[in-house]
Amino acid sequence: MNSEPIEFTDMGKYNSHTDLTSNKSTKGGFFVSTAKAFILVLLAILIAVVIGLIVHFAGSGKEVVCKCSEVPASSSIADRLTECKTLAVQGNMDICTACSKGGMTMSTTTAPPTTPTKPDVRLPRHLQPIFYEVELQPHMYNDQPKTFTFDGSVRIQIRCVEASNNVTLQINKLNITRGSLLFGREGAGSAPNIKSWEEDTTRQFLIIHLDGDLTVGATYFVQMEFAGPLKDDLAGLYLSKYDYNNETRYVATTQLQPTDARRVFPCFDEPAIKARFNITLVRKSNKKTISNMPIAQSIPRADDWVADVYYTTPKMSTYLLAFIVCDFEVITETTQNNIEYGAWATPGKTDQATYALDTGVKILTYFEEYFNISFPLPKQDMVAMPDFSAGAMENWGLIIYRETAMLYKPGVSSEGNKQRVAVVVSHELAHQWFGNLVTPSWWDDLWLNEGFASFVEYMGVDYCHPDWKMFEQFVVEDLQDVFDFDGLTTSHPVYVPVGHPDEINEIFDRVSYAKGASIIRMMRFFLGEDTFRLGLTKYLKRKEYDAAFHDDLWQALTEQAQSEGKSIDVKSIMDTWTLQMNYPTVTITREGNNLRLTQKRYLRDPSAVDPMKYTSDFGYKWEIPFTYTTSIAKHFNKSDADVKWIRKTETETAIVGEGLPPITDGDGWIIGNVQQYGFYRVNYESSNWLALIKQLNTDHKVISAINRAQIINDAWNLVTSGDLDITIALKTLEYLNKEEDYVPREAARIQIAFVERMLSKSPVYGAWKKFMLSRIQEPFSRWTMNNTGASHLDSYVRSLVVSTACDYDLPACISDAKSLFKQWMDNPSNNPINPGIKTKVYCTAIKYGGVAEWDFAFEQFKTAEVAAEKVRLLQGMACSQELWILRRYLLKAIRKEDIRKQDTLSVIIYVSTHAYARSFTWDFVREHWNTIKEDFAVSLFAFSNMIGRVTRAFNTEFELQQLEEFMKSQSDFGSGERAFTQALEKAKTNIKWINQHEKTIENWLAGLRYD
């Protein structure tokens, strides 16, 4: 519903302190003249009308805006306006006195559409669950999936911590069995009776009203039976399926994070409300079940049913429970510390789980040793699920993966697929400590889960594969990636207040994951590795089996640092990084032998209007751990001892320079933020930028790979913010034909892709394409498409080179791709294409082919047995230039015709990647918006990612207008709300970028004779 603000402004003389009587002296009583009496009557009528309008508008959900002309000295304007607004909403007659000495008037204005305020959905805290007994029985055996259901029962033992006359649980999409609801007291003593019960569907509450108060300290129980639908909605207890031996087989599985345990059984479904669980899963005798703990016993029941009773869990959160009923196969290993580790997959695929299992066993043991805390469960299972909304879920003792994140087949899967499996396995195992053993008190500290797991994952993979240079990759995979997101006024702090499930789902984003990981990496650097590790162990041991607030972590790390004689207050530093959004740019200016350092807030568009949803208590100033090196020192191996602090109280900081090149050395340079440990950008004087570029052109390897990537990323993004001339950024690309390291090449690819999106509709694109061909021809000739015997990172570089060459239509690349694909079409049982370049070969052949190539790829997709191969084919099929083929493809995706629901939004993203299909995809999304939102918005990432990817190339006023009109036409974007507000900000920034830089790029290219 649209809101029209009611605005109160100065009424001047008509307020509660105005004397409306005659100034004449009277002998007693209250006297007014006839004229003044008439005025009083009119004023009373006017006030009544105003109050009536206020109450009407406020009661109709209108926005109330108050303004006071004068405020008593004892009050603040904000206090008076809040009081005024509250009275208006309540319909209180005292509204006319809320603004003293000024009065008020009312006017109405038309406001833009707003999203309704989300209700508070937090549980009351008068009860604490101690122990659950849960039984679940899926019914999925009649081969009619539309009729599938599940039923179950729950008995919860609860302790009263505050007197109350109700029991409030959380519930969603379940039906309570009539007559099954019971309440009583454990042991001796009486209990109130159930008076009534109700379901508050808005807040997802089940409220049981009692006829008396509960006794503080007493233990009670509540139990009930229930039933729910078993659907393929990828949330709660849901249905998955797969085909084997020409037969469709069904699986019941779960995804409960963040707020979907309540869809499986009524419970206290908040992360801090922990308890122990006894789980029983009931199955047919030809099925198997898996849960968090090992099976204690299997009890036969009538009609071929079997009840698997599991050992009691440790104290844990509801969202970490997991239940599976399936016929999967398993392979097992045992870790050095006697943890049984199982890897489950659909029949015939366990050979693809070997790498994940081996990696998991190594990393689990490594984490036990690193944190000095044993894994607390007797077993750890990993399951490759055919249908899964996320990459994986860290359920304690039973991690569920999407198949692409767990299965790897040498010769078919690429090195990228292999790294993806290792990273996800490591990430989920990190959660067994960060999130499972110690859980955030509420979702506003989600980053304590995801930020830590996103950083620690690199530690685990680096332990297994040191040659992969994972900590170099971190810079482009996470830090620079989230820089883009967090450079918007529509970003959010790492620690962010949330309540409603839509708001919770919304923050499963790059800030919680990648920025969280980046500031943890920074903290590890300025504390020192040993201090960091010992502090983490202190924190985990202190809060194990409990819930934590981020201040608990700061305290443990500070105690550890100070015990080692380090004068560091972690909270005062890290609050500046977690409690305010965005990040700083540090500008280095040389003044003789000193360096002057200034910090300011980085925004992609400094002129963007800040919606002020979040404000900063630090004035957007940060505690910055600054490091630098020079052309003289060339010291890239810095430690915490080298840190120079830029304080949040300082706009400028002066430090004495060490190892500075002579002022007369025109080629001398300074690099700030060595190895990009800090979460900030660095800007320089023009002469320093030119010296760095000259160094890249003459001998780029003098500068570390990470800092080469930093130079490219910072330069291009400082152009976007208006802090650097674009010719500097363009010059950072000139040396690329000599670059053979993955990290700087990937940093360059990302910036080049942005320029391509901006210029794709510009007349300048032709000259830009010629320039890019000149930069890629030599590397392609050197790297070729022959990936035989390549190392892991060489395979990555080759993939980048081939992708760029084919994207810019290098004839040799197109010819090779078409030839390889034709060989495969001629002999489908023998694919000659190396896995490392399959994605681009498939794409190029289909782009320059026709319906025959597309149909062949689709048939291969349907029969592929390796999940990673299916994804590559999905990407390749999105490359067709025939719009009718693309529309057929998109319709198959949203209708789930041979394409799994988990992949639908990915298909839309893949199609939107190509310049010739961007407007087409945007039209398709708007046309089918209701279907997309209702059926496919369950993923914690994919929905918001799809919105961002489809709109990220918008850079014309017409596209901006389309976006604004679409946003106005919708009343509720659910968990995609922030993604749309960010899309709007990015579109405006893109328009500004192309208007400011298109002509400069054209002139620069002409100067290089590309026109």
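Just so you know, glycine gets a Cβ as well, placed from its N, Cα and C.
Annotated features in TrEMBL:
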TRANSMEM  37-59  transmembrane segment
DOMAIN    129-320  domain 'Aminopeptidase N-like N-terminal'
DOMAIN    355-577  domain 'Peptidase M1 membrane alanine aminopeptidase'
BINDING   H427, H431, E450  Zn(2+) binding site
ACT_SITE  E428  active site, proton acceptor
SITE      Y513  site 'Transition state stabilizer'
DOMAIN    669-988  domain 'ERAP1-like C-terminal'
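Here the recorded positions are E428, E450, and the one whose Cβ sees the fewest other Cβ atoms within 10 Å is E450. H427 (Zn(2+) binding site) sits 11 Å from Y513 (site 'Transition state stabilizer'), taking the Cα positions as reference. Of the chain residues outside the Zn(2+) site list H427, H431, E450, E394, E428, A430, F434, G435, N449, F452, A453, S454, V456, E457, Y513 have their Cβ within 8 Å of the site's Cβ mean position.
When other Cβ atoms within 10 Å of the Cβ of H427 (Zn(2+) binding site) are tallied across all protein chains shown, the result is 27. Less than 8 angstroms from the CB of Y513 (site 'Transition state stabilizer') sit W447, E450, G451, S454, D478, V482, each of them six or more residues away in the same chain. Restricting the average to the domain 'Aminopeptidase N-like N-terminal' (129-320) gives a pLDDT of 97. H431 (Zn(2+) binding site) is surrounded by 23 other CB atoms, counting those within 10 A of its CB over all protein chains shown.
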